[in-house]
Amino acid sequence: KESAAMKFERQHMDSTVATSSSPTYCNQMMKRRNMTQGYCKPVNTFVHESLADVHAVCSQENVACKNGKSNCYKSHSALHITDCRLKGNAKYPNCDYQTSQLQKQIIVACEGNPFVPVHFDASV
């Protein structure tokens, strides 16, 4: 079974590109990473930084998560990310996403030993 840490990597890590220059990036990646199976995941963020840099966020600024838990961490610096948002008229199985390239701080929930990201909470 896929661990929470592995799921985070599948859903949120794309270290192979510095940015998502293509407007079809989200449509391709959401499908490739199995987030359009059975339904269209409405919102997802990909991080274009090294896995080591994203793991390091777990030792940066401790902040509250959206759900009230206290195991979220905010990156010190802005990271290259891509926001994928399902377009209003898109219906499964034709998941059609808006691709937005951003540089923002990220907030992730971390747990385990090693202490690694298991949930993408927000970008700010």
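Cβ from N, Cα, C; glycine included.
For reference, Swiss-Prot has these:
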BINDING   Lys7, Arg10, Lys41, Pro42, Val43, Asn44, Thr45, Lys66, Arg85  substrate binding site
ACT_SITE  His12  active site, proton acceptor
DISULFID  Cys26-Cys84  disulfide bond
CARBOHYD  Asn34  N-linked glycosylation site
DISULFID  Cys40-Cys95  disulfide bond
DISULFID  Cys58-Cys110  disulfide bond
DISULFID  Cys65-Cys72  disulfide bond
ACT_SITE  His119  active site, proton donor
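Looking only at the recorded positions Lys7, His12, Arg85, the densest Cβ neighbourhood within 10 Å occurs at His12. Comparing Cα positions, Cys84 (disulfide bond) lies closest to Val43 out of the recorded positions His12, Val43, Cys72, Cys95. Checking Cα-Cα distances from Cys26 (disulfide bond) against the recorded positions (Asn34, Cys72, Arg85, Cys110) with a 10 Å cut-off leaves Arg85, in sequence order. Most Cβ neighbours within 10 Å, among the recorded positions Asn34, Thr45: Thr45 holds that distinction in the structure as shown. Cβ contacts within 10 Å of Cys58 (disulfide bond), excluding its own Cβ and spanning all protein chains shown: 21. For Val43 (substrate binding site), the number of other Cβ atoms no farther than 10 Å from its own Cβ, over all displayed protein chains, is 10.
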